[in-house]
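Visitor: Per TrEMBL, the features are:
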- 42-506: domain 'Major facilitator superfamily (MFS) profile' (DOMAIN)
- 1-23: region 'Disordered' (REGION)
- 33-55: transmembrane segment (TRANSMEM)
- 122-143: transmembrane segment (TRANSMEM)
- 155-174: transmembrane segment (TRANSMEM)
- 180-201: transmembrane segment (TRANSMEM)
- 213-231: transmembrane segment (TRANSMEM)
- 243-262: transmembrane segment (TRANSMEM)
- 336-353: transmembrane segment (TRANSMEM)
- 365-386: transmembrane segment (TRANSMEM)
- 393-413: transmembrane segment (TRANSMEM)
- 425-442: transmembrane segment (TRANSMEM)
- 454-475: transmembrane segment (TRANSMEM)
- 481-501: transmembrane segment (TRANSMEM)
Amino acid sequence: MSMANTATAPLLAASQEAPPPAKEPSIDDVIEMYIGATGVLQLLKAVFVAFAWAFDSQQAFISAFTDAELRWHCLTAASTGNASCSPPAASPCDLPPGSWAWDWPAGASVVSEWALNCAGPALVSLPASSFFAGCLAGGFLLTTLADSLLGRKKMLLVSLASTSIPGVLTVFAPNIWAYAALRLVSGFFRSMVGTCTLVLYTELVGKRWRNMVNVAGFFCFAVWFLSLPALGYAFRDASWRNLYFWTSVPCLCYSVLVYFLVQESPRWLLVRGRKQDAMEALRQIMSLNGSCATATSFSMLDACVVHEDNAGASGGGGVFATLQAMSGRQWALRRLAAIMAASFGVGMVYLGMPLNVGSLGSNLYLSVTYNALAELPSAVVAWLLIRMANRRGLVIALTAAAGACSLACAAIPQGAAAARTAAEVVSFFAACTAFDVMLVYFTELFPTSVRNSAVGLVRQALVLGGVAAPVLAALGRERSFWSFGMFGVAIGCSGLFVACLPETRGKSMSDTMAEEEERNDGAVAW
């Protein structure tokens, strides 16, 4: 009997052991439980946030009109007493003063108002390059503020207001140097508008609706890009300063509405350990869906409030804590390097093509309109492709197509303006679609604690391509290879770096660096 008890004792003890503890829910799981059933009002609020992309697009491409080199014509000998001007002249710089005139009023462009057409490509491209250089500097210096100190909403407000104020002051710029300086400041703060907008509206809705609000953001970007040629044509007989006024003042008004109508991301608040603020944000969002939330209904938040020292989630890591969290992990650095390389090539085509349409030989307003129209279907096509195919393969295929069409545009003779315009529009369309897919893809590659910083750095690589694009566009007015040819080589080669990244389709987003590593079995892989 005692032997029987001895033999069965371990079995009884084993059977009475407590089951393994259940895995604590992640922030993604808890947030999905509270706001996953996105209602109409909640969705409209996310779309309202996405509208910030409208002002982002206007500032990015406004130089296509304000800095355009206008067409010119020879004056008749009877009116000038000088018959030395002839239409075959390649440039008015080779003609005597008074023998030619601009087709539009001189104040329609900074190039004509300040006589920059003979100053060389460096000075002509200075304002646009200054803007993108400001975007580059601002991205590196401001990118972690939305993850650490300010949060998504406050950073968006600062960016919108600080972008539009220099835009209004640009109206009073007395010379090219003041103009370029104001563009630099505007670009510095504009650098975070797109990033904060993208991250904020994707964190305000459930998983089911993320792709839809992404499309809404891309659509707002495209529609307001389309408004630029309309504004440019409306003010073609007036000063270029009108464009800056009527694109900057509405942005200031919009930022005031964001302050009163938009909540901070509850996901970010939980990552920062601010439970009470997260409860208030969730309560406001849930009330949009007709849900009545009480303090007891937020009991699950206790299990998922994160304190991640390496990511600055506890609040003591400082502004650059998120960068420190990534720098200590090889997989994060490798992902960042690959996507930044890909973004550089896409940025060169995406930001450079609209600035270069003046060299196609076709009407400037129509050419920019064609590019803006290409953005509209690209947003829908990107949304459909994301639902049907892997992100990684899409980016590679789209960048290859954009590169091939850009090279074709360089190879087509100057006289075939229609064919060159068609190749340019297709290249721009492919680059737009690649950009839209990449933004969705890259938000899924990094966890919440560093997502805004990582996406911000990726956008800065895209902007770096934009810094080089105006110079190449100015050089390409003489020889197309320096613009369209270089654009094609850059985007085609850089897109291949995406082949090294992991696929994210169908996977939920992580909230901390540790969670991301756990999902990848702790490996320091791509």
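Glycine is treated like the rest: Cβ placed from N, Cα and C.
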Visitor: Ranking 122-143, 180-201, 213-231 by Cβ pairs under 8 Å to the transmembrane segment (454-475), which is first?
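Guide: Against the transmembrane segment (454-475), the leading stretch is 122-143.
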Visitor: Take the C-beta pairs under 8 A between the transmembrane segment (243-262) and each of 155-174, 213-231, 365-386, 425-442. Which stretch has the highest count?
Guide: 155-174
Visitor: When you scan the chain for residues with a C-beta under 8 Å from the transmembrane segment (336-353), skipping those not six or more beyond its ends, what do you find?
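Guide: Apart from its flanks, the transmembrane segment (336-353) reaches 60-61, 132, 326, 371, 395, 399, 402-403, 406, 424, 427-428, 431-432, 434-435, 438, 442, 445, 454, 457-466, 468-470, 472-473, 483, 486-488, 490-495, 497-498, 500-501, 526.
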Visitor: For the transmembrane segment (122-143), could you work out the same-chain residues 6 or more beyond its ends whose Cβ comes under 8 Å from its Cβ atoms?
Guide: 59, 63, 66-67, 69, 110-111, 116, 155, 159, 176, 179-181, 183-192, 195, 351, 355, 452-453, 456-457, 459-460, 463-464, 466-467, 469-471, 473-474
Visitor: Restricting to CB pairs under 8 Å, which listed stretch, 180-201, 365-386, 425-442, is in contact most with the transmembrane segment (393-413)?
Guide: 425-442
Visitor: Can you work out which residues elsewhere in the same chain, 6+ from the ends of the transmembrane segment (365-386), have a Cβ less than 8 Å from its Cβ atoms?
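Guide: Long-range Cβ neighbours of the transmembrane segment (365-386): 61, 64-65, 211-212, 214-215, 218-219, 221-223, 225-226, 228-229, 232-233, 236, 353-354, 357-358, 394, 421, 424-425, 428-429, 432-433, 436-437, 440, 505.
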Visitor: Counting only residues 6 or more past its boundaries, what in the same chain has a CB within less than 8 Å of a CB in the transmembrane segment (180-201)?
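Guide: Result: 46-47, 49-50, 52-53, 55-56, 59-60, 126-128, 130-139, 142-143, 145-146, 152-153, 155-156, 158-160, 162-163, 166-167, 169-170, 173, 213-214, 216-217, 262, 265, 439, 443, 451-452, 455-456, 459-460, 463.
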Visitor: Can you work out the mean pLDDT of the predicted model over the domain 'Major facilitator superfamily (MFS) profile' (42-506)?
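Guide: Average per-residue pLDDT within the domain 'Major facilitator superfamily (MFS) profile' (42-506): 80.
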